[in-house]
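Data first, discussion second: the structure below is written as structure tokens.
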Protein chains: 2
Amino acid sequence: MAQQPLQVAVLGAGTVGSQVIRLLSEQSAEFAARAGAPLEVASVVVRNLDAPRDTPIARELLTTDATSAINSADLVVELIGGIEPARTFVLDALRQGTSVVTGNKALLAAHGPELYEAAAASGADLYYEAAVAGAIPVVYGLRESLAGDQISQVLGIVNGTTNFILDAMTSQGLSYGDALAIAQERGYAEADPTADVEGLDAAAKCAILASLAFHTRVGIDDVAVEGITAITAEDIDEASRSGQVVKLLAIAERGDNGISVRVHPALVPQDHPLASVDGAFNAVVVEGEAAGRLMFYGQGAGGAPTASAVLSDVVAAASHKVHGGNAPRESTYAKLPVLPASDAVTSFQLRLRVEDRVGVLAEVASLIAASGVSIQAVAQSQPGPDGTCVLTLTTHPATEGSQQAVISALRDSDAVREVLSAIRRVVA
Amino acid sequence: MAQQPLQVAVLGAGTVGSQVIRLLSEQSAEFAARAGAPLEVASVVVRNLDAPRDTPIARELLTTDATSAINSADLVVELIGGIEPARTFVLDALRQGTSVVTGNKALLAAHGPELYEAAAASGADLYYEAAVAGAIPVVYGLRESLAGDQISQVLGIVNGTTNFILDAMTSQGLSYGDALAIAQERGYAEADPTADVEGLDAAAKCAILASLAFHTRVGIDDVAVEGITAITAEDIDEASRSGQVVKLLAIAERGDNGISVRVHPALVPQDHPLASVDGAFNAVVVEGEAAGRLMFYGQGAGGAPTASAVLSDVVAAASHKVHGGNAPRESTYAKLPVLPASDAVTSFQLRLRVEDRVGVLAEVASLIAASGVSIQAVAQSQPGPDGTCVLTLTTHPATEGSQQAVISALRDSDAVREVLSAIRRVVA
């Protein structure tokens, strides 16, 4: 029964890679029992053999020769990130029939189809739990546990940086800029925070979630994206006053005519399970026709949590290799159309600075009605010394196109001095 | 490529069974794509062909002949519940090499080892996602997604009836009896609520969770159980005042010397993710060494949610049958000892009615210290007209044996008129 050890090549020795190597070595007996064969780290591919590392790695494992490492491995773990050379390495492995575990969301969102096809052609497995929400097993959940259900919606908080920033704005009343500065100081945001705060990281994850939930190919270019840079302290304050919090959500929805895939800040009611997800945590809510509402919650980033997700994939890939059989394939049989952003059904909360005069509310209301959008609620503030007041109004769900037409019309209207904010709402 | 349909025998046509049959028929194309072959309900085994049913089932599918149904099936779905005849049917199928999907927690908690062995001997698969927490994929999570991690603790709200009752007591200030009556009226509790309110249903689920989390065989008899019948409106009220809620928890913990497995009411801090799980929802929090804290949340009961879990298992079992390979086996390689209940480490919140006289606090404190337990906090109420007051004190973690010795000593002490309540706490 003694199985030959499986040779694992780890590409990249950063925070996640070094945790993967540490855990494989510290818990080798457990991994052997779970996978059905010992797992041996045969090589660790790095760019610079002498770079300083958080966790020391045995010198004889390190190599800069990715090709040899991949060619001699039974299993490749790709933790380099970015598109190239990660794409080439992953394709090389898959084309040889060597299974790959990756945490690379950018690669999957940009080149998923090419990778899935290479895996299918050679019979290799491609696993990517760590690419979506760190330790949270949502890829597994969607691919396997909900395989017996029809999913109507996926709502996720999948970016820790923006969740930290919005959380700091909410709990400490900070401006966006001050909250970002704190996030950068503490290492939650990078010096160039664009990928996080503009929603691009969340968009890559959203594309992966939508592909899994709807058995349809969705790439990052299919995702309508809006980041959090326009969110103000007043928006957060106004949200609190109305029993809501602002979260950056990745949303994938199934409609009658296709699927809508988008990332944007949204007002979430305080009693919604996503409202209390704060700081570094991620959570994904899935609505299934039969299952009802499910939520997966946990740490979305960090070396050890992400390593945990990578290692569960390693065990699955190794176990398939030892015991035979097929891993779950990317199933895209549904081929649902991805709707244009303007066809998504949304609802807005708008804050408008208007003249404080008789008839202004009627003007605004008739202007909105003319776009075919109806108003759900409206509240008017006390007038300020400048003779203006603030109207806060929420619209009933309508297409994003109609809602944007409303917002443009309001911007052009003489009755409206300024559209202070326009934030979409999650209707629980 | 056209695969022969897989013949599915469904044992039991109750709430869950009829939803399983409905969904298999309504979404047959999707199931065929996911499983790799069409899934055909070949027979539905019932006790009485003429019993009234919520959802009509085609007469020609119904049979009372379980043996023929099992013998001619490719896959058996057992939804009868209880021990016999479910045990015999499941064993018959497994011994023939026919994979079984079951939602029967009582059967697994009582006869798990026998079933796992029968499955392993013939190479059949045994799946039971629906047995633990309805639609929530926690069996999958523990068995596969966390296969790369070392789990230290599992805390679950796994019984909807008791969660509903405690929730009604909390939100409406009801007594236990009144809340139970409402739960019975609304169909959340049975006429004989014993299995739920005494914690037996949760204990069966706890045994399954502990087995999965710690790769160790744990049966229902290993679980120390205390139900919710002694919880009073005052307990709930006192919990609210101190920022806590009372939940019935299933707890499986790994200690230095073995594992502790228990079900009891516990005080949970209001900012703990389990605190806001209310009504019919279930949730399971898993702490992994690498993954950190994960939570799985969703509907714990009900026909459609449970059917969703059954069907994900059906897809997995069918897919293994079509594509070959082994399903995840029950892995019990760790064989950790299950500690006696008295060795569990717990912390209590105690409410004592004491004489309102000088020195009573010192007497109580020295009595507690004598048992080797230390006090974390203490508060004394205003004295009442009867010359007594209430001491609310929390103890630091210590073994359950020491804590129980403290409680006995307090009951016997002259300084203490009455131990009003003793509820364990979750230390976040």
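Placed from the backbone N, Cα and C atoms, the Cβ positions cover glycine too.
All TrEMBL annotations are machine predictions without curation.
Here B:GLY12 (NADP(+) binding site) comes close to B:VAL45, B:VAL46, B:GLU78, B:LEU79, B:ILE80, B:GLY81: these same-chain residues lie at least six apart in sequence, with C-beta atoms under 8 angstroms from its C-beta. Sequence annotations record features per position, and here TrEMBL assigns NADP(+) binding site to B:LEU11, B:GLY12, B:ALA13, B:GLY14, B:THR15, B:VAL16, B:GLY17, B:SER18.
Sequence annotations record features per position, and here TrEMBL assigns NADPH binding site to B:LYS105. Note: B:LYS105 (NADPH binding site) has non-local neighbours B:TYR128, B:ALA131, B:VAL132, B:ASP201, B:ALA204, B:LYS205, B:ILE208, i.e. same-chain residues 6+ apart with C-beta under 8 A of its own C-beta.
What TrEMBL lists as L-homoserine binding site is B:GLU190. Of all the Cβ atoms in the protein chains shown, 13 others lie within 10 Å of the Cβ of B:GLU190 (L-homoserine binding site). Under DSSP, B:GLU190 (L-homoserine binding site) is assigned to coil, being neither helix nor strand in the three-state scheme.
Annotation comment: TrEMBL describes B:LYS205 as active site, proton donor. Taking all protein chains in view, 28 other C-beta atoms sit within 10 angstroms of the C-beta of B:LYS205 (active site, proton donor).
Residues or ranges marked as domain 'ACT' by TrEMBL: B:349-424.
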In the domain 'ACT' (B:349-424), how many residues does DSSP put in helix, strand and coil?
24 helix, 32 strand, 20 coil
Applying a 10 Å Cβ distance cut-off over all chains shown, what neighbour count does B:LEU11 (NADP(+) binding site) have?
27
If you count other CB atoms within 10 A of each CB, which of B:GLY14, B:GLY17 wins among these binding-site residues?
B:GLY17
With every protein chain in view, how many other Cβ atoms are within 10 Å of the Cβ of B:SER18 (NADP(+) binding site)?
21
Return the residues near B:THR15 (NADP(+) binding site), defined as same-chain residues 6+ apart in sequence whose C-beta is under 8 angstroms from its C-beta, sorted by sequence, else 'none'.
B:ASP54, B:GLY302, B:GLY303, B:THR306
Residues other than B:LEU11, B:GLY12, B:ALA13, B:GLY14, B:THR15, B:VAL16, B:GLY17, B:SER18 within 8 Å, Cβ to Cβ centroid, of the NADP(+) site?
B:VAL10, B:GLN19, B:VAL20, B:ILE21, B:LEU79, B:ILE80
For B:LYS205 (active site, proton donor), the three-state class that DSSP assigns:
helix
What's the number of neighbouring CB atoms sitting within 10 A of the CB on B:VAL16 (NADP(+) binding site)?
26
